[in-house]
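Input: a single structure, listed below in structure tokens.
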Amino acid sequence: MAWIVEQPKSQKELADRFRQLMKEEAILQIPGAHDAMAALVAKKAGFSALYLSGDAYTASRGLPDLGIVTSTEVADRAKDLVRATNLPVLVDIDTGFGGVLNVARTAQEMLEANVAAVQIEDQQLPKKCGHLNGKQLVSKEEMEQKIQAIKKVAPTLVIVARTDARANEGLNGAIERANVYIEAGADAIFPEALQSAEEFRLVAENVSAPLLANMTEFGKTPLMTAGGLQNAGFQMVIYPVTSLRVAAKAYERIFQLIKDEGTQEAGIEDMQTRKELYETISYDDFEALDKNIAKTVLGE
């Protein structure tokens, strides 16, 4: 991991970098990385920040996104991503894992993990994926208190306030909540499950804060390009579960191939080579730490 062979950035440095990226002219594309390997591949592709999705993280644990995991578990995974990449990470902390005191504890745990930014939503527990039916919301006042709690105990954390009100209170309700959350101290707004390009434009016209779009697949929101979202007035876009979906489908294919043919040979071309793997995880840098380790030479 990068923190062993590189000088790790502090939480404040990472948070300041995230704030800078939010303000740049080009929209900030933030891919979801459910583990450190995915994070390293995303960094290699040239991304400047990463997203840890609650949905993707829980799925990687073999669990549904129903508020089952704990703040400590999520912070541990977030720490893996930060240590591996030295990039600012935006972490989905769901509802904050409980009431105001739970939110304060969660914020402290994210600070200790060197997380740059957190995303907190206004659903009630047990929460659900934002693109499913049956979501229930907390009051605006309760969400305000949660945002204020993060500000108080972790003032360097960037706060992205997510509202799921589009499904329950309509677009105007989502806009109203967004503006309340900004007044409470949110640094950016994530309006979940918008249903058209026009809705993205209307939110941008009525909310004066950096805006984050969710380009998740198979949901209520139509897929739009980064350029289209930027033109609509959004500053950030996440792809929360994309890499996990692709990886899971690759698992299905290779496991079925081995089961059917008794060998993986026909799938070799789809694999990362040993050399590519070692480059991704900075194998040589680790080896160089210990002069007593014989230099590994890979064949072509």
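Sequential numbering from 1, following the chain as shown.
Keep in mind that glycine also has a Cβ here, set from the backbone N, Cα and C atoms.
The annotation substrate binding site is assigned in Swiss-Prot to S53, G54, D55, C129, G130, R162, E192, N214, M215, T216, R245, R274 on the grounds of similarity to another entry. Per Swiss-Prot, the feature Mg(2+) binding site maps to D92, D94; the stated evidence is similarity to another entry.
Of the candidate binding-site residues, S53, D55, E192, R245, the one lying closest to D92 (Mg(2+) binding site) when CA atoms are compared is S53. In sequence order, T221, L223, M224, L229, V237, I238, Y239 are the residues of the chain that are 6 or more apart from M215 (substrate binding site) and have a CB within less than 8 Å of its CB. Residue density at S53 (substrate binding site): 26 other Cβ atoms are found within 10 A of its Cβ, drawing on all protein chains shown.
Candidate binding-site residues: D55, D94, E192. Fewest other C-beta atoms within 10 angstroms, D55. Within 10 Å of the Cα of D94 (Mg(2+) binding site), the following binding-site residues from the list S53, E192, R245 place their own Cα: S53. When secondary structure is read from DSSP and collapsed to three states, R245 (substrate binding site) falls in the helix class. For R245 (substrate binding site), the Cβ neighbour count at a 10 Å cut-off comes to 17, with all displayed protein chains included.
Taken residue by residue with DSSP, D92 (Mg(2+) binding site) is part of a strand.
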